[in-house]
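J.: This structure is in structure tokens; I'll ask about it shortly.
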Amino acid sequence: MKVFAAALAVILATATFCTPASASPYASDTTPCCFAYISRPLPRAHIQEYFYTSSKCSIPAVVFVTRKKRQVCANPEKKWVREYINTLEMS
């Protein structure tokens, strides 16, 4: 039982003091990084806005923000992504 309690304490301490993997390692840059892209287009009507990830991220990405404030990473080289960006810029 003591081993279990000690292990639980270590896990909780680690979880408390570690930052999520998507957080930026640079204090002045709060843009999240993407590590994978969505495999298919989102419904255009669900997207409210977009932004590009930082150049400090390992892969370039466009992050679409849905009406429910969900952030989805997309490949900026895909045709549907460029079309969605153009549509959002026009509106």
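Glycine is treated like the rest: Cβ placed from N, Cα and C.
Checked Swiss-Prot, it gives:
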- 1-23: signal peptide (SIGNAL)
- Cys33-Cys57: disulfide bond (DISULFID)
- Cys34-Cys73: disulfide bond (DISULFID)
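Set these features in their place in the structure for me.
T.: Secondary structure from DSSP puts Cys57 (disulfide bond) in coil. Sequence-distant neighbours of Cys57 (disulfide bond) (same chain, 6+ apart, CB under 8 A from its CB) are Thr31, Cys33, Cys34.
Look at Cys34 (disulfide bond): DSSP puts it in coil.
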